[in-house]
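According to Swiss-Prot, the features are:
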type    : residues                          : note
BINDING : 180, 181, 205, 206, 262, 284, 293 : ATP binding site
DOMAIN  : 60-162                            : domain 'THUMP'
């Protein structure tokens, strides 16, 4: 048995002007890639929506995947009927089987202006039908159940199960960014927020192995695997940082260690960005959350970078960040115990108002170029793909219509 799946794209994609075809093409390719391996076939295509046919047993997995697919506004299982009121009533009657609800509403969207009834007339006729079958009252606001009917040229679609997508732009339409991944709660959320804005994110994790265990590397791998669900193809650079730390510990004032760690991390991330063709860096900083994230310290750290440093969470509080981490599925991994670079030999009383002259004087005593070259040479690069290899080019034979689901 088969089912039909209607996928609607994020509303912002309709506002892209001359670049709109590029954004829509990337969004649709991202949706098709998300559904790879489930036996789906493209039934219909509109500027802002796709209609697929898939096996009934594939629906639960398709639903789970689309809930993580950036660029999707919403999606629904639908029944397709002839563009006829009686056919819609028959489909509604079938959809009502086994359902109970205290209130409902009908929402009609008529793209086919040749259909003899207006959208309000369709809503009234079908609303009276459902009320007669169930006894439930119509409630236009706050209805317990909503049935959406779309009347298209040559067909009508009845949504029987609707779910929200994550929204956002498809990955890669806004360029490439290198994101520093600490293994904590904040940095995976920051990377995700940039993915939602269309950035293709490359992850860089700094680990203290072999000075400490490899636990932080394993956490970074698990987080990268989770984040790959949103981007579908993702690279993770695992950079050994212990040699840099050894030199900083010897030369730097104790209170300045973390500031110097972070400056060297930005330099290494910038070198990776040049290799990757990325135009910006990303961190999970939140202003004032910890000592290293005071305005003075962020200024001192930023001075080491020449690329823009994006901080998507700069105005978020911890509760907001935790809630987002739980929503995107990174929180449980982020709170696992590990030993990360910035906690290694961390000072008991870190500086909160770093003076740039002290930072620069300390760095003048360090073999910066040698340390950067060594860290880059010893790194490991992993690639994650999800849910598999990219799809082939758009299959031929799917019909394309100008007017469709809104």
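Cβ atoms here come from the backbone N, Cα and C positions, even for glycine.
Fair warning: this is a prediction, and the values are worked out from it, not measured in the lab.
For the domain 'THUMP' (60-162), the model's average pLDDT works out to 93. Taking a C-beta cut-off of under 8 angstroms and a sequence separation of 6 or more, residue 181 (ATP binding site) has the following same-chain neighbours: 187, 188, 191, 203, 204, 205, 220, 223, 224, 236.
With DSSP states grouped into helix (H, G, I), strand (E, B) and coil, the domain 'THUMP' (60-162) comes out at 35 helix, 34 strand, 34 coil. Its own atom aside, the Cβ of residue 206 (ATP binding site) has 30 Cβ atoms within 10 angstroms in the protein chains shown. DSSP assigns residue 262 (ATP binding site) to a helical segment in the three-state reduction. The number of other CB atoms found within 10 A of the CB of residue 180 (ATP binding site), across every protein chain shown, is 23. In this structure the residues listed as binding ATP are 180, 181, 205, 206, 262, 284, 293; their two most distant Cα atoms lie 19 Å apart. Residue density at residue 262 (ATP binding site): 24 other Cβ atoms are found within 10 A of its Cβ, drawing on all protein chains shown.
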